[in-house]
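All remarks here apply to the structure that follows.
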Amino acid sequence: MSKAHKSWPHRRRNQFSSQRSLKKEMNFFQQQPPPFGTVPPQMTFPPNWQGVEKDPAFLTKDFNLLTLNNQPLPGNTSQPRAKGPENNLHNQYEQKVRPYIDLIDSLRALGVEQDLALPAIAVIGDQSSGKSSVLEALSGVALPRGSGIVTRCPLVLKLKKQPYKAWAGRISYQNTEIELQDPGQVEKEIHKAQNVMAGNGLGISHELISLEITSPEVPDLTIIDLPGIARVAVGNQPRDIGLQIKALIKRYIQRQQTINLVVVPCNVDIATTEALSMAHEVDPEGDRTIGILTKPDLMDRGTEKSIINVVRNLTYPLKKGYMIVKCRGQQEIINRLSLAEATKKEITFFQTHPCFRVLLEEGSATVPRLAERLTAELITHIQKSLPLLEEQIRESHQKATEELRRCGADIPSQDADKMFFLIEKIKMFNQDIEKLIEGEEVVRENETRLYNKIREDFKNWIGILATNTQKVKNIIHEEVEKYEKQYRGKELLGFVNYKTFETIVHQYIQHLVEPALSMLQKAVEIIRQAFVNMAKKHFGEFFNLNHTVQSKIEDIKVRHTEKAENMIQLQFRMEQIVFCQDQIYSVVVKKVREEIFNPLGKPSQNMKLNSHFPINESSVSSFNEIGVHLNAYFSETSTRLANQIPFIIQYFMLRENGDSLQKAMMQILQEKNRYSWLLQEQSETATKRRMLKERIYRLTQARHALCQFSSKEIH
């Protein structure tokens, strides 16, 4: 478990104690004459979400005082506004609720969402589902509306309640930021932003538009509006516009950090809506999906019962349940009905409706209740997500820092600095080459050191020597018999002809030349690849420098391969001279005799290698005698070659080759007029380094923001 996870319960305990004290204050306020806008005492919350996740303790029943337009809900229309308690409640609210939303908004403003998902509420719905009307009612501003695709870019709607301050807005996209002085500017500026980002047509863009609204008449809420789901392309729309929109929506709603707000009109079959189907696909248990029913005034008479069942979570269950709202209709928009008046009409609609009045009493209806509910859900969601978010930011920061380290430092602009930069690069490369030569290079878990790779070929060389020796043993009888028939002169039986012995030795030696040279070529390729990989590691981002080093590796390899090959050929030419020190040879011959004639340490009873010449126990045939000498000499020669050939390969291809490469690298520093050319960097590397620096900056700022937030929570 991370430190962030371990420390969080302590913060939460502190937080809950503050919430309990706040709850006592709320109880005091509720004992006073109800202030303007409070709900009637008999109002209860719908069971479909009350029992699943309780609201944070600091979101009290007086919460609607702080939401839309300060409109009163039914049951309390005449009381004067209690400014004292409301102001105190707002201060407590600002201390406990607003910081969570501000924290996530600040992280989103830093661009942290490019690196990891942040807690959010995303609004999805089919075209003409009433999605824009719901957002208008929440924000108090007119958003783009009409037929077809209206929302063409994700819109982050940041609502911040500021009592006693004038309305203010700001829209941001790409490198543009525009201050808005009037709500009437919003729709025009969003249209303009969408045209810049998605083109003057009907295409879509994945880039975000940020709309921030500060007003005394909005709830504290951040919500992401996504394009409406289109089933078929019309007009000049791309033929795959439906797939594009679904891919964009899925990118947001599949994140575990996102609460999905699914808008469904009452006059359609809820089970067939594409939006709810997409939400179910990414959230099959309905843990983070809230259903919003719209247009209750357009449904057929007599079907109200089915809608009540949906809102009560009896038809298509969601753990977070449903809400129902009535926003401005098209005719009301044409008649310029204000949003404030629309909210009043909505409350009147539910209050006077014979079937839906019960939903109002249960707290499942009206936009003000929806605003309250969404803020509570968002705050709870943020609280749950913060420990994991801290850990993700820490891990992402660490990973980006490591990637930046591998990219290396920026290339200096001054010639003198370029020289020092190049010296450092070559120095590090030479140090790693030296480690390869000495068998001390650092390797990862599944990698093997260079020496071990070569050693495998050296082991195979011992097997080749043993196999060749066995072949000679098998042809001894044939060779001696050939001599007896063709070349024997006046020698008596049993006398070994030295020429026969020497001929067999020469053949044996000659058969080893090709395997030895083959082993050399394998070792050369292994070493060359190791040097090339090291060059890519150090100079891969500098294509000219890397090409120069690769050429030097190849040239030096060819030169030293030729030297090693010549030395191996010389070694085998020397092996044509049959020689061994008497003291050494006599010991080996004695040992071989014992192994052949007395392998178990017992006197030999019968040694007959040729039935044509029966011999007694005291005599030794020419076959046995020449076999003894060949075995003895081959044993000594194999021991010598088993070490000598690997010595030659290591000396020329590792030590000499590596040393020559290091010297050649230092010679590059003499070419001062080529520094700029050598240090030309691949554009991808420069771009990657810049992006990593930006990511590290974002994540550093995010860690700082989380640290400050956590310290405030603790204190």
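Cβ atoms are placed via backbone N, Cα and C, with glycine included.
Swiss-Prot lists 1-24 (among others) with the feature region 'Disordered'.
Residues or ranges marked as region 'Disordered' in Swiss-Prot: 69-88 (among others).
As annotated by Swiss-Prot, compositional bias 'Polar residues' applies to 69-80.
Mean per-residue pLDDT, taken over the domain 'Dynamin-type G' (115-387), amounts to 86. The feature domain 'Dynamin-type G' is assigned by Swiss-Prot to 115-387.
Look at Swiss-Prot and you will find 125-132 tagged as region 'G1 motif'.
Annotation comment: Swiss-Prot describes 125-132, 225-229, 294-297 as GTP binding site, evidence class sequence analysis. A simple way to gauge crowding: the CB of P296 (GTP binding site) has 23 other CB atoms within 10 angstroms, across all the protein chains here. In the three-state DSSP classification, P296 (GTP binding site) falls within a helix.
The region 'G3 motif' annotation in Swiss-Prot covers 225-228. Outside the region 'G3 motif' (225-228) by six or more residues, the chain places 122-129, 131-132, 135, 143, 149-155, 157, 204, 245, 248-249, 252 with a CB less than 8 A from a CB of the stretch.
For the region 'G4 motif' (294-297), same-chain residues at least 6 beyond its ends with a Cβ under 8 Å from one of its own Cβ atoms are 129-130, 133-134, 263-267, 307, 324-327, 329, 349, 353, 356. Residues annotated as region 'G4 motif' in Swiss-Prot: 294-297.
Same-chain neighbours of the region 'G5 motif' (326-329): 130, 133-134, 136-137, 294-297, 337, 339, 342, 345-346, 349-350, 366-367, counting only residues six or more beyond its ends whose CB sits under 8 Å from a CB of the stretch. The annotation region 'G5 motif' is assigned in Swiss-Prot to 326-329 on the grounds of sequence analysis.
Under the heading domain 'GED', Swiss-Prot lists 623-714.
Each of the binding-site residues L226, I229 was scored by other CB atoms within 10 A of its CB, and the lowest score goes to I229. Mapped onto DSSP helix, strand and coil, the domain 'GED' (623-714) counts 85 helix, 0 strand, 7 coil.
According to DSSP, S128 (GTP binding site) is assigned to coil rather than to any helix or strand. Look at the region 'G5 motif' (326-329): DSSP puts its residues at 0 helix, 0 strand, 4 coil. Counted within 10 Å of its Cβ, the other Cβ atoms near G125 (GTP binding site) come to 28, all protein chains included.
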